[in-house]
């Protein structure tokens, strides 16, 4: 994840693919062409790359961007500068290659027929191009992002596979636009004005095509914006720009000038998936992108390298990172986004400012927020929980974090729950006046119409269309009519009438459907039953019927065109049902699943289970053999490479269902084919055949070459041939290696080709072929997993290497094979009739229909009459195609819904299996058998337990009998052990379990052991510190111990109470602080409120600048002309202007002199070069014949006037020569012609000498070189003067070549000399032209110099008086500033004194109020004490201040503040003489009296201070008045002085205006014309520069434009003002209503109107709280003491109980002894009385036993009573009761 400072270093990779790809190659079946012809005639003008048309829209767009902060240079501006397109520079190859394009005009359109992708048809085949024609689409890819767009109120647009569908909401009619790339459509968008819409396609380097609406003509094509597809597109608010972001892998972010088909900026958006990109509606230079785990903020920034996109990654900080699906840009630049957990995040400056949630920290939505919009000042959020919530925009915009958590709680204004099973993804608003209708995209497969007006007449959500959600798993077509059934994982089964394009009905279950087929007519002759398999393993048979044929009962709901009813339901599998197939006779149903089983059912007996077989892998397809096969067999295709062939299972009639333990069929002879990859072998064979053909061709060429060489060279030809073959011998490349993938490739589909033979299509490595396989003979001994089989034949599939066939079906006559491809395409092979061996599988038809990325074709089916083909895909789309036929289709076709069976309305619907965990048929059978077995086992266990119980009882009796025996006769316990090994084994197991428990608890034991060690170390440390602190006082040791002692419950309670009180006080303080802060904010807000006549300082400054700089060209000759400050001039400035003018003129002259000298130097160099060239030319002509010579050009010379600096250079020879010439002149004076010739000779000689020297100095080297060359050329013929001989042929040839060479050099040198002369002459003409211009400028500067000099003289005359006036103005200005400063000081001091007076008055009021509080309310001496306090006493003043002002005047403040006090004094004045304030009355508190006297003194001090301060204030007022008067006088004088100075300036300007100024003009510059002629008098004209005149004309246009804009703005402001007034009135009413509501609530709750601020700041009574805390502490201490006493009482009770138990035990012993004595007495009496009667009556033993039992019962009863009484007494703390003693029996 990149940081914001990185600014996307990935931008360097933006267009790397362009340099690699060139022109993209298109597949052979896609005939979409990139070239297009215009639909309308355009101009023939062409332009190269980089040029654009200058349309008005483009110009306005450029002007808009130039006006903004970022300068975007577009191609439509012709400029020499390099365009700042994007961060990816144009490739050199693209710059060099100039492709000619037609000029793009506003009325230019592409031809849709040339752009659209056509189906591919094999060449030289008779297959029609329109073999399949799209009739209708029943699907909708509801999970595709932004797949619902609104073109107008009645037309919506969405993507369906490779088509764009335009749906009319009223008529339900569909229009289709085919993809142009053939790779599908990635995303769509609509122009803000609804005039265009965008289709961004998928595929290899796809385009963005912009269509015009409603004509649907392609308007613009944007190229090279993505590698594979687009994820999102968006227009800016004005619709002038388009932003696009591509999908994986490049994620390129591009901003387009879409009208010019040019990218403006391009960069990489992010390294992960990007969901969305949008412009900020308020600022086109700000954009936002969001996606997986990120949000990014973009800005167009103008850098030194050009315009760039700068991206700043949003940092989540403490907030968990989340995928951001929905967001919204706020007007001030902030961004509001959603999150995965349903809260809203407010972003500012790349950071999360605040997180918004609902009250009690509930999330805003239950799940991700998919869309956020701003509509009519309200924020709308769309959540995946099916809710739409409306939020207050102002609250969100001004939200700010109040704590570190960053959470802000707010509640929505309104909300709408669309439905339970609704997951909203996006919404678009319908433009219907007076309504607030929206269309919503539901990812559960629906399009909703929602009313978000939230009023009394709001309509309920309306589901306009319903579709499947997610991949469609199965499709089936009725065998009798045009009915179609589909199912999907969205738990729905839908029925369609595809002939009339109508959905009929649907039924929903708890689990999703995975397989579907129509029950054949052999099973159900009406064709009314459908069998569906589901993901939980359940198979349901549904019955379809027409409910209109059933008798209508009163109260019945609306009757549909069709209804579905459950007929049978059973669960043969535990997971996905993948295939369903009926046997060819309709007697057996086979079902397959991913649980690797195939189940068989007997159809005639209501689908009675027959049994199942297991498969080596998950089953993907079932197919029964046709009637052409001798036996009925089932072809089973498994995903992991196994193919099985199962015979028809035998139905056992004699076996009852309840007697079967399992349904598994184990004795079935199943053939198996384990596919082994042979693709590498096939490729190897193809390569061998290819090389073989190449070798044959090479052999033929060799033989031909050998024969040719033998014919040409004879026997030598054979040797040459052998040498050539040896040189051309090449090493043969190795053949491809045999490769078999380690993991078997998945079998996708297959079909029977004959008995025991079949075709299969595989994915992965083995894709690209159809393999023909044959089952090996059945062998029981074969191991399936070790078996490896290979196909015996194959068919190559063109362009299917990475795009295998996923499903196959045939037409009824078996002449067409329909194939559904992995990439969503449909391929149709034309075959011979019943040619299942595919011998003629060559010609085919291919077209892309479903989505190329995730639109795998899941099912194909033809109608019962082969007129229609239905396809379903993983992209939720269902397409119905018309198959080409020579027979015309009937119009208004409609399917016939089957009639209901008799009694279907009263038939009982079977109970459905809704629990996904319910047992399958086999598992239920196993469960029943398991339960039966467990029941038998439990019965056996019960019998064993009874036997063990009897043995245990017998063993216990033996032990008891053993204990009764004497000890010497008792057996040991070991003697009872049957086998000692058993007990040893038990002990061993016990020890083992103990060891295992110790091992399990070892970690815990070690943990607690370490904890104990730490506690012991801490204890030792405490003991150490205790020893160290023995010298400290006991109190400190106790305090230290308290710190280490844990707190008790009482201390915790007290601390909690203190903390609670502290929090209450803190809460009150916070509330008070908040109230104060709110008051301050209100005060600041009211202070910031402008006055009625307030003017914005910006407007005032703008007016001032306009007055100064708006081009006010007033005439200087005007009487009211006022010289601006910056245009005032004096003599010094004029002198400076003269100096500047002279320096500029001198600089121009010096520059011209340097140019002349440089040209002279050039001439010298040219002459030298010409001399060299002439010498070389002469040398060349010396070797040529005279007839071949050309004239030698004349060498130019340096004239003496060209070197004036050498005019006065001379030597001795020159002087002597001059002397001789002078003498000769004197001698020959009488010869006038000699004098003349003598003069010329002298002068010519002088010039000749000087020029000769100059030439010698400049051309010495060239002459020396030429002399050497001439010498060399002359010496050559001398040295060659030998005896002449006849030249040979070679010498003649060499001479000819030299002659040609010399002729060429002769011509070349002559041309070079001419070229040098012409070049120099051109330079001379240019310099002459510059010299003439400079002469003109110098003359003008001279005239200007004269004018400036005259102005300077005039200004010097005015300078003295001007300085005097200026000094007076400056002195008055300084004096005014000083007085103003004094006035400000006085005002400040007055304000301070007033504040002091206010403080003294507040002290006086506080004094009275404090004294009133001290007196109390019911004090009877209150009036007396108050009179004492207020009594006036004359005090000796420390300082006497004299002045009449002090006696006569009193300030207004004293009269206002002390009015109440004076009134009290006046009332008490009459009584002042009665009472004596020097003595305290009886019963009056002396302390209060003393306090009154003390306060009176303080009052008198305050009054004296008040008097002094007021006097000071009065003095300051007088001083302020005097200064104000002086300031007015000085200001008047200053104005007069300034006016005098201005009048003097005006006089000076008038004198300056009288000076004449010369300005040369051409006739075309004079525009003052009268009757078509220039007047003689031009004194009334004005002279303007072209620049100033242009500015005036531009200003006229600007003023006109500004006037229009201001009128428009004024109109808008008036409307805004009316709206604000209306809103203010409504707000006032709302405030009034709210105040009334608040008052009512206050009265209802408190009984009266209270002050809420006082209630909020209401704090606790600290004294009361302290008392409560003391009370609590006392209660806790008392409770602790009571606990101690209770423990003592419990101890005593325990001791009492122990004593009582001991006593009771002794009583029991006594009771037992008494009973035994009684028994002995009774036995003795019996023996005495009944002697001799022992053998009469009953038996003695019986009597004794009876008596014993009776006595025992009586004793037990008495003991029970005694115990009850004892218990009662013990409860009452009473005494003991002994059991009664029975009287002896007589």
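Just so you know, glycine gets a Cβ as well, placed from its N, Cα and C.
Note: TrEMBL annotation is automatic and uncurated.
Look at TrEMBL and you will find 1-40 tagged as compositional bias 'Basic and acidic residues'. Annotation source TrEMBL lists region 'Disordered' at 1-62, 1439-1478. What TrEMBL records for 41-61, 1443-1476 is compositional bias 'Acidic residues'. Taken from TrEMBL, the feature domain 'EML-like first beta-propeller' covers 204-394. As annotated by TrEMBL, repeat 'WD' applies to 465-506, 570-604. The coiled coil feature in TrEMBL is assigned to 683-712, 923-961, 1355-1403, 1499-1554, 1617-1644, 1710-1773.
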Within the repeat 'WD' (465-506) only, compute the mean pLDDT.
94
Long-range environment of the repeat 'WD' (570-604) - Cβ separation under 8 angstroms, sequence gap at least 6:
514-517, 519-520, 522-523, 531, 533-539, 610-627, 632, 634, 636, 638, 646, 648-649, 651, 663, 665, 913, 918-923
Quick check on the repeat 'WD' (465-506): DSSP residue counts for helix, strand, coil, in that order please.
0 helix, 25 strand, 17 coil
By a Cβ-Cβ criterion of under 8 Å, what residues six or more beyond either terminus of the coiled coil (923-961) are in contact with it?
574, 660-663, 976
Same-chain Cβ contacts of the repeat 'WD' (465-506) under 8 Å, 6 or more residues past its ends?
135-136, 138-140, 142-143, 443-447, 512-518, 520-521, 526-527, 530, 532-533, 535, 542, 544, 560-564, 856, 858-864, 868, 870-878, 880, 892-898
So how many of the residues in the repeat 'WD' (570-604) end up helix, strand or coil by DSSP?
0 helix, 19 strand, 16 coil
